[in-house]
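Feature list (source: Swiss-Prot):
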- 379-381, 408-410, 435-439, 489-495: substrate binding site (BINDING)
- 598-618: region 'Disordered' (REGION)
- LYS363: site 'Important for catalytic activity' (SITE)
- 32-54: transmembrane segment (TRANSMEM)
Amino acid sequence: MIPSSSPMESRHRLSFSNEKTSRRRFQRIEKGVKFNTLKLVLICIMLGALFTIYRFRYPPLQIPEIPTSFGLTTDPRYVATAEINWNHMSNLVEKHVFGRSEYQGIGLINLNDNEIDRFKEVTKSDCDHVALHLDYAAKNITWESLYPEWIDEVEEFEVPTCPSLPLIQIPGKPRIDLVIAKLPCDKSGKWSRDVARLHLQLAAARVAASSKGLHNVHVILVSDCFPIPNLFTGQELVARQGNIWLYKPNLHQLRQKLQLPVGSCELSVPLQAKDNFYSAGAKKEAYATILHSAQFYVCGAIAAAQSIRMSGSTRDLVILVDETISEYHKSGLVAAGWKIQMFQRIRNPNAVPNAYNEWNYSKFRLWQLTEYSKIIFIDADMLILRNIDFLFEFPEISATGNNATLFNSGLMVVEPSNSTFQLLMDNINEVVSYNGGDQGYLNEIFTWWHRIPKHMNFLKHFWEGDEPEIKKMKTSLFGADPPILYVLHYLGYNKPWLCFRDYDCNWNVDIFQEFASDEAHKTWWRVHDAMPENLHKFCLLRSKQKAQLEWDRRQAEKGNYKDGHWKIKIKDKRLKTCFEDFCFWESMLWHWGETNSTNNSSTTTTSSPPHKTALPSL
């Protein structure tokens, strides 16, 4: 007996039956459409061949974050509208490139076909010209993602990572001896913080750095805006004509730079840096600071020098001073170990006369210290608590983050160069500083910078939003002995040497209490006490400053400030040490409400030698 069919079997048979019916139907019409099908197949083959040729010449982009189609459209971020002066191009190439060595290949980035053909025509070179392919950066990669305001440096919650910019495709052959890249420059926007512009310059650098052997590699950047000054540096600039910039990069240094994170989204220096750093170029490296129009910073600079030597560093100490610093104070700086270099001040053209920032563009003079290959600049209100010589290993500009996408210029690695100095001067009337000072200006010039841990420029400051545990942590760091911090930066108007040593006088002024820390204050005075005794006299208090301190104390007493520092009796011996012609500071308080400024920046000294109780004023 044959078993009856199951429903499932019926469905299978129905499917098979329908398949046979369809096959017979197709066979009946097959002959009628055979010719038309053949034509369609031939057309498809031809279109496929054309598409393959097109893709071979212009490969598609593959960006995982947000795919960007290369196709028939161009990403507007990468469009470079600069007009190339071909006479300038021909002159530069013939004079500085082709006439000096044998070249095999020329890599071209972001140039269109017409520009490539024109380049071949004007240079009359037998080299292979290779249009190098670079995938566009994903559109969700912004400057803020490359330069975030904050990263988790200690990796408490996450390991910071940078967005990935596509790498350029570098051919094995021919050898690329000249790289040419055309850069966008939209001056209507933030051209100096342009992801595409950065991407193209890094791509050109990678092609140059991929070179093997000892032969020279040149890089030409076509840009109406100045290129990143610390990728291809001023020392490497061979020549410039109009918007054409020709560089001969140091390939070893370039490879080191390309190993760093693309932005400040990751640390360029490990949190636990090596304490013992050897450099073959130590004689060409120095710490540097600057004093202008501010003799009351002399004591701070002397203490900073002491702290550097206590950290174990033997690098040169260079201080730039202007004519407002007296001979007496300069003698103290020399005794502390500073090598003095005089300089002409540079006025900030946007500053109000006699304002605090009128002469702070004088910091640009650091780039004229060309007897050194690298310097670590420090503000004169810093202490170096642990050796930071290892920072000489890192490139310009290495610094801590400040806010938004910006770095703090209080401590930074600088590579002196006359051409970089000239760049700073050439743009002084065009580039606008976000804060009216040198830090804002430098941040507009050096937008590609490298983040170092905040422990290497730790600010003596309590933010309004700091939680109690954060304040406790900072307080512990300020007073740690042996130190945990590398560098402590004494922010605020009342510096430790302008207070009595008994406590931080910022406590007595309500608007300065965010800068008050007795622990940090004690740390500074430990360094002071370690100085040779003959240097202590440069930290004595003027009578006018004593009056200011007493005025502030009385105001705190009237306000019954809860911290209670105004109750502390002063034991600092400097209270009763007088070195001026007029020492009755108490009488100054009779009319102090009428003029309550210490005018520290405008102090003057007599040229006569000081006697034991008549030392010049700070």
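For all residues, glycine too, the Cβ spot is worked out from N, Cα and C.
Positions of the features from Swiss-Prot, shown on the structure.
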residue : record                                  : DSSP (3 states)
LYS363  : site 'Important for catalytic activity' : helix
ASP379  : substrate binding site                  : coil
ASN408  : substrate binding site                  : strand
ASN435  : substrate binding site                  : coil
TYR490  : substrate binding site                  : coil
| query | What binding-site residues in the list ASN408, ASN435, ASP438, TYR490, TYR493 lie within 10 angstroms of LYS363 (site 'Important for catalytic activity'), counting C-alpha atoms? | reply | ASP438
| remark: All chains considered, the count of other Cβ atoms within 10 Å of the Cβ of ASP438 (substrate binding site) is 21
| request: State which of the following binding-site residues has the fewest other Cβ atoms within 10 Å around its Cβ: ASN408, ASN435. | output: ASN435
| message | List every residue in the same chain as ASP379 (substrate binding site), at least 6 positions away in sequence, whose Cβ is under 8 Å from its Cβ. | response | THR289, GLY410, LEU411, HIS489
| task | Could you check the binding-site residues TYR490, TYR493 and say which one's CB has the fewest neighbouring CB atoms inside 10 Å? | result | TYR493
